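According to TrEMBL, the feature active site, nucleophile maps to C:S122. Among the features that TrEMBL reports, FMN binding site is placed at C:S19, C:K44, C:T45, C:N119, C:K154, C:I179, C:G205, C:G231, C:G232, C:G253, C:S254. The substrate binding site annotation in TrEMBL covers C:K44, C:N69, C:A70, C:I71, C:G72, C:L73, C:N119, C:N180, C:T181. What TrEMBL records for C:5-275 is domain 'Dihydroorotate dehydrogenase catalytic'.
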Amino acid sequence: MIRSKVVEYSEVGKSHRIVFTFQGRRPLPGQFIALILPGEKEIPLGVTDYNDSTIEVYVDSPKLFKRILSSRYVVLEGPFGKPIPMGNTLGVATEDLFHDVLFPLREAKRKGFEASLECWGSCGADFPHREGVKWDVVVASVPREMLDKLPRSTMVYVRWVNMNCMAGVCGVCQVNGNLACVDGPFLELRKIVA
Amino acid sequence: MIRSKVVEYSEVGKSHRIVFTFQGRRPLPGQFIALILPGEKEIPLGVTDYNDSTIEVYVDSPKLFKRILSSRYVVLEGPFGKPIPMGNTLGVATEDLFHDVLFPLREAKRKGFEASLECWGSCGADFPHREGVKWDVVVASVPREMLDKLPRSTMVYVRWVNMNCMAGVCGVCQVNGNLACVDGPFLELRKIVA
Amino acid sequence: MYSIRLSGIELRDPFVIASGIVPDVPEYMARVCQEFSPSAITTKTFTLNPLEPHKPPTLVKISDGCFLNAIGLGNPGIKVMGSMEVPCNLFVSVGGSSLEEIVETAIIGEGKASLIEINLSSPNRRGYGADTAKFVREIVKEVKGKVRKPIFVKLGPWDNVVDLAGKALEGGADGLTLINTVKGMKLDVDAGKPVLSYGTGGVSGRCIHPLAVRVIGEVYSEYSAQIIGTGGVFSWEDAMELFLAGATAVGVGSAILERGFEVLNELRVGLTAFMEEKGINLSDVIGMAVRK
Amino acid sequence: MYSIRLSGIELRDPFVIASGIVPDVPEYMARVCQEFSPSAITTKTFTLNPLEPHKPPTLVKISDGCFLNAIGLGNPGIKVMGSMEVPCNLFVSVGGSSLEEIVETAIIGEGKASLIEINLSSPNRRGYGADTAKFVREIVKEVKGKVRKPIFVKLGPWDNVVDLAGKALEGGADGLTLINTVKGMKLDVDAGKPVLSYGTGGVSGRCIHPLAVRVIGEVYSEYSAQIIGTGGVFSWEDAMELFLAGATAVGVGSAILERGFEVLNELRVGLTAFMEEKGINLSDVIGMAVRK
């Protein structure tokens, strides 16, 4: 349990960007955290950035956003899941989900790799990059019904499974024998549609 | 419990200098540690120096020295006791006990203060210093029967009490109502002879 | 040098995965087997019929290396094991709310099992687990009458654990798994209520290691029984303490949650190095610290 | 705002020093009173006659914020209290190996005490502490008959603690102190034997905090008794959990070993800030998380 406070927040499209203090292990791109509502539920949140003991996430639900802002602190757990490999990184996302791929792209840039966001719609961020780059990693977050538009090697943010019981011990985050909450949330497309 | 290994050792006069790894809280000048012999005893050891997760102590007993060298590791606890204040520091010690005041003198020097060792006999270290310095702190380690030769404000290493049960909860390290293992091992002379 | 025989089962190393860690997803279990070669996986506890886990939150980390969980034995029912092909030793954990249910579950579980572990000690579901421990002798006796694989009984760190361990052995148990989690509670100070939806939960990990050492030591020194020691093993030194207290094998749980399955290899490497340096075998040290 | 009444005793804040921390050196106790103004010091447990502590090692730190000790109730005998002048509330902890000894010790201890705490739960000396708990009702009844100061009984985190707490209250106890340490053991892997000379010891500190919360919650929800909550309080949040579970006051022990008496002030400051921000009094939250 990590007791975190809101450091900063803003509206981004239909979502809300929140920066929390985070006295926990440093999350890596591709990992997620859980917001615990004591005695009620746990809510997985993709990490969109990390900087010096603060963590950035996007919260889509206006109700949850309001509740977070009115709390003295929130309880976070994690990071969970598997970091994605670093390299030249292409992100693919619909406009409501682009934040899911932000951390991999940002970290790739910071590490000196190329990064680009292919946005299906109008996203709240962009990344300048050289032409003709060979992408080492393709990460995507799109609705499930659009998966067939992605290359087979894409690592897809699995948004449609129950991520409760984060460390995977309940098995509820299973997708074709893979645990989205342990091996994911970014899983290779071939594992998802197999 | 801190599992420590011997990094370096040498003979110094009748004593042995040992440097251990020390994955514990950084000790400050004036503090001591305890060597635990599992199920047998605990032995207080003044800290003579600390550098980057290694700790230097002096072991007088040849039997104990031998046992330490033949062990895979030793169990240390601490640091215990109260740090002494920093400032221009004069150490006073008999030749067998000079190591008790080394850490305060060394740290004073490193912090840019003056330090000097007044040795009653022939000690294994010396500290160059300006003439006419005003000493902020006088630390001493001498046999109990020589205490009357020290100025009243001297902080004396209390070597003659039982330091077992280090955190002081047993009260065995009591000297005139002061706990040598908590408020010491350096106690002001006036508290000792009161 | 550190392969062991646990009730006749050859294990290539003494580190098994404790119950409750690997979810009952066959492909995932198979991958854990292939990638990390655990000498055995203890399954999550199965009951005869599916059991819903408690509502989330069910698992939180409460301090460095310590967790609190109340999954409540949620599982899809033992029958799913029928189709489970997992290429390593399976210690099948079974539980239930009655003697009959436990026996039936064990009978079905035996098919894929190297060993049956009867879980009589979960603090997280009324009527199951800890509440069934008082019938331990009868339960074990019945299961032994119907099942030929070795039977271990998992008990909690209770005040009467030595007593219950004795009853399990009287009933014919081949060994004991010690200890289960310790019933605890974590409150949220802002909300003023428990963090877990179930209220209380079981504390696991570093926090309970000295308790595990003591309980294993007490039981071993009384019966010299075979024991799978579980409770806060994060390093080979932690494991060695359990061996010295009397464990023949060691179950690893919370350390995997915290560090991943890679911790198994760290344990193997550390233990091997220590034993080589000392020139000893594991069998030399088992129970050494508590032998009367 | 956070002064409390514990069995009629006014305490300026709810943080008392737990038993076993401040040694029975009167000048030292007096200095602790003056420098850190604890609302009360619980003394080390006194017996009628002097008792030698176990041989060292008696206390080791086993992990972050967790200690293992087996001092074994070593003390100079209750009679030393006669000359003890300590300028703050003293909660005098008493124990013994028989009903008669405990009663006599309590009678002598009463002179300097604001409150008598009967320690029936030390795991560290055979015949004392935990071994006497089964007579709790009789012991309390006898002591109540002879002593007019409030009587609290310190119990351990045992499986029958709710039962024993009930018996203590039936016997007339004014309240309970919960919990004592948890019996554990630490082995040295190189020497192959226990680190403490006594073998086993009592685990205190962070490791037992969730256990303390659960036990206090169970006892409070059963009897709504006054409880001094002890067990791994390092921060005001830890303390608040004990209040929410039912504690009226909180004893601080291991945190003082780790951080010094200064921790008392950190606790006061943190708790005050929280209550001011929330606009609540301590009495509003006591037992809130477990009230039926």
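For all residues, glycine too, the Cβ spot is worked out from N, Cα and C.
Here the features listed in TrEMBL are painted onto the structure.
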residue : record                 : DSSP (3 states)
C:S19   : FMN binding site       : coil
C:K44   : substrate binding site : coil
C:A70   : substrate binding site : coil
C:N119  : substrate binding site : strand
C:K154  : FMN binding site       : strand
C:T181  : substrate binding site : coil
C:G205  : FMN binding site       : strand
Completion exercise
Reduced DSSP state (H/G/I helix, E/B strand, rest coil) at C:S254 (FMN binding site) is helix
Practice task
Find the shortest Cα-Cα separation between C:A70 (substrate binding site) and the recorded positions C:T45, C:S122, C:K154, C:G205, C:G232, and name the residue that gives it.
Solution key: C:S122
Practice task
Enter the number of other CB atoms within 10 angstroms of the CB of C:T181 (substrate binding site).
Solution key: 28
Completion exercise
Near C:G72 (substrate binding site) (Cα-Cα within 10 Å), the recorded positions in question, chosen from C:S19, C:S122, C:K154, C:G205, C:S254, are C:S122
Problem - Cβ-centroid neighbours of substrate site C:K44, C:N69, C:A70, C:I71, C:G72, C:L73, C:N119, C:N180, C:T181, 8 Å, sequence order - result: C:G20, C:T45, C:S122, C:P123, C:N124, C:R125, C:G129, C:G202
Exercise for the section: Filter the binding-site residues C:S19, C:T45, C:G232 down to the ones within 10 angstroms of C:N119 (substrate binding site), Cα to Cα, kept in sequence order. Expected result: C:S19, C:T45
Practice task
For C:A70 (substrate binding site), just count the other CB atoms lying within 10 A of its CB, please.
Solution key: 30
Practice task
Rank the binding-site residues C:S19, C:N119 by the number of other Cβ atoms within 10 Å of each Cβ, and give the residue at the low end.
Solution key: C:S19
Practice task
Measure the Cβ-based neighbour count of C:S254 (FMN binding site), defined as the other Cβ atoms within 10 Å of its Cβ.
Solution key: 30
Exercise for the section: Check the binding-site residues C:G205, C:G232 for other C-beta atoms within 10 angstroms of each C-beta and report the one with the most. Expected result: C:G232
Fill in the blank from the handout: Check: min Cα-Cα distance from C:G205 (FMN binding site) over recorded positions C:K44, C:S122, C:T181 goes to C:T181
Handout entry: Distant-in-sequence Cβ neighbours of C:S122 (active site, nucleophile), under 8 Å, six or more positions away
Key = C:T45, C:G72, C:L73, C:G95, C:Y128, C:G129, C:A130, C:N180, C:T181, C:G202
Practice task
Could you measure between C:S19 (FMN binding site) and C:K44 (substrate binding site) for me? Cα positions, answer in whole angstrom.
Solution key: 5
Problem - Local confidence of the prediction over the domain 'Dihydroorotate dehydrogenase catalytic' (C:5-275), expressed as mean pLDDT - result: 95
Exercise for the section: Compute all pairwise C-alpha distances among C:S19, C:K44, C:T45, C:N119, C:K154, C:I179, C:G205, C:G231, C:G232, C:G253, C:S254, the residues listed as binding FMN, and give the largest one in whole angstrom. Expected result: 19
Completion exercise
Residues near C:K44 (substrate binding site) by Cβ (under 8 Å) yet at least 6 apart in sequence within the same chain, in sequence order, are C:S19, C:G20, C:I21, C:V22, C:P23, C:D24, C:N75, C:S93
Completion exercise
Long-range Cβ list for C:K154 (FMN binding site), cut-off under 8 Å, min separation 6+ in sequence, same chain only, gives C:S19, C:S93, C:E117, C:I118, C:N119, C:L120, C:S121, C:L176, C:T177, C:L178, C:N180
